[in-house]
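Okay, structure first, notes after.
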Amino acid sequence: VGFKAGVKDYRLTYYTPGYKTKDTDILAAFRMTPQPGVPAEEAGAAVAAESSTGTWTTVWTDGXTSLDRYKGRCYDIEPVAGEENQYIAYVAYPLDLFEEGSVTNLFTSIVGNVFGFKALRALRLEDLRIPPAYSKTFIGPPHGIQVERDKLNKYGRPLLGCTIKPKLGLSAKNYGRAVYEYLRGGLDFTKDDENVNSQPFMRWRDRFLFVAEALFKSQAETGEIKGHYLNATAGTCEEMLKRAVFARELGAPIVMHDYLTGGFTANTSLAYYCRDNGLLLHIHRAMHAVIDRQRNHGIHFRVLAKALRMSGGDHIHAGTVVGKLEGEREVTLGFVDLLRDDYIEKDRSRGIYFTQDWVSMPGVHPVASGGIHVWHMPALTEIFGDDSVLQFGGGTLGHPWGNAPGAVANRVALEACVQARNEGRDLAREGNEVXREACK
């Protein structure tokens, strides 16, 4: 008695426009494109239902729990300006739906199933509001921006990096030689490419040994602390941690992980190891464009960036901004702030749908990488500020005099731009002149 089987509209249960969100709710903003004939309210309610407690029909066991306590709620829907049949659906999820400290569970719940739903032509997760009650259950960055600067004894400027090229094919000894040339030229870091793991031409243990030799030799010559992002990504978590242990035993200061291909569970495991053992953790976002490139379907990178800050990483690649449209610049700087700052106000012009309070969670260094060179230095210095890593691959190796002179050119340009900025010069207007003066 009281149970009535059958299919009913999702909006009768999961669309609640009068709902007042709680401080402990996880809030999501979805860009949805309903199928023709599907009302926006039904589509939004379907998203809330299928990513929380709902299924396609009423079930007897609904009566054995409190749906009001556990269900997701679509509490607001707004049309997207300038787009036909696109809406932003706001969904609130009770905190008890999620396992503490697990990005894996968070993503499995919110985006694990609903993206293939028939009522929707397309769906994109634009933003998440993570309440402090949930974010405090995560490890966060193993060390964060300030501790990294203290470890490196480097302040008042962006850090400089370089990816070793060719990314595949070098022997371990030649690879180590390239690392040494860059670091002695003035870079702070060099980097394994994301797809350098342990291939037949260069096994990981050989690479780690020759890179460690290059690190210590360049440190002795320059008097500066140097690092190389030793990619610990592997086919199993056990093998990944074995590589991280070997890096620590060699005295390396930093390791690297491909967090999307490696997975959030592996990434969080590595972050715990890095915090416990004093290793910095560099994160590459390989595979991100598969997820975030389409404007109306997938997951925006700002969500992946927030997830990484919770899962754990001290650096993450975040695009370059340089040469892009102004609107994209603002959106990129929006998620750069979400990586670095403690408190970020809602600002739709920057793509930030919710105010995010990270409380005391350490910040992550954004890494500008990809197609940049020394003449971009003034713009990069102005846009990203000091708390960033500027990574020049071809922009270092492509120097006509070789690797070390390429590194010298980048370091000289960076220090000239920082000094000019500190003297009050306008880098946006005078940047090229600053770099030319530094060439003399």
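Heads up, the Cβ atoms here are built off N, Cα and C, so glycines get one too.
Annotated features, as they stand in Swiss-Prot:
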MOD_RES   K4  N6,N6,N6-trimethyllysine
BINDING   N113, T163, K167, R285, H317, S369  substrate binding site
ACT_SITE  K165  active site, proton acceptor
BINDING   K191, D193, E194  Mg(2+) binding site
MOD_RES   K191  N6-carboxylysine
ACT_SITE  H284  active site, proton acceptor
Other than its own, how many Cβ atoms are within 10 Å of the Cβ belonging to H317 (substrate binding site)? 21
Per-residue Cβ crowding (10 Å cut-off), top of binding-site residues D193, E194: E194
Filter the binding-site residues K167, R285, S369 down to the ones within 10 angstroms of E194 (Mg(2+) binding site), Cα to Cα, kept in sequence order. K167, R285
Could you round the CA separation between R285 (substrate binding site) and K165 (active site, proton acceptor) to a whole angstrom and send it over? 18
Could you give the Cα-Cα distance between K191 (Mg(2+) binding site) and H284 (active site, proton acceptor), in whole Å? 10
By the count of other Cβ atoms within 10 Å, pick out the sparsest of the binding-site residues N113, T163, S369. N113
For the recorded positions listed here (K165, H284, R285), which one has the lowest count of neighbouring CB atoms within 10 Å of its own CB? K165
